[in-house]
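Features of the protein shown, as given by Swiss-Prot:
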{"type": "SIGNAL", "residues": "1-21", "note": "signal peptide"}
{"type": "BINDING", "residues": "GLU35, ALA46, ARG119", "note": "FAD binding site"}
{"type": "CARBOHYD", "residues": "ASN92", "note": "N-linked glycosylation site"}
{"type": "CARBOHYD", "residues": "ASN170", "note": "N-linked glycosylation site"}
Amino acid sequence: MGKQQETILIIGAGISGLATSRLLTNNGIPNIVFEASTPDRSQGFAISLQEFGYSTLLAALGDLPLSSLIRAVAPDRQIGGTGWIDQALRDNRTGELLVAPDLTTTKQTIVRANRNALRHWIADCGEDELDVRYGHKLQSIKGKLGDVTAIFENGAKYKGSLIIAADGVNSTYSPRRGS
């Protein structure tokens, strides 16, 4: 009988935290995502995804088609849009087109994604549901690699094998890495 795999604790349910959780879950690796805010929080309107990023994500999620991503996350999807960015430069005052790539010879490589829609799409890209615990703001961490405990401001404590800090630039955990 094989040794049971320890749970990986992920701090932050933004795009990176959910993508990490989805990849781990799809590969049978137990994990829990902890998010300080509520499920209905906004994370900003949109993000631009470059081809090297979305193609890698689509491949990692099981060679999903690009059309699946675009249909789910393009900010203009509800009016038939595709989210593609034309990369044209316009005069801010007049709207006059200053420079634009020739789209008959230039491949479109940047797609705009609604952040909330992208988070939902990532969470739904698999057979198994992600385990996301909202209302869990990290307070402290005890232990070492292989045996860590995350302690949250709401009094909850969770043990795991390691912690992945995916809670952004104002990370609760990242400043503690050196200590």
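Using N, Cα and C of the backbone, Cβ positions are placed for all residues, glycine too.
In this structure, the C-alpha atom of ASN92 (N-linked glycosylation site) lies 20 angstrom from that of ALA46 (FAD binding site). Take the Cα of ASN170 (N-linked glycosylation site) and measure to each of the binding-site residues GLU35, ALA46, ARG119: the nearest one is GLU35. The number of other Cβ atoms within 10 Å of the Cβ belonging to ARG119 (FAD binding site), over all protein chains shown, comes to 22.
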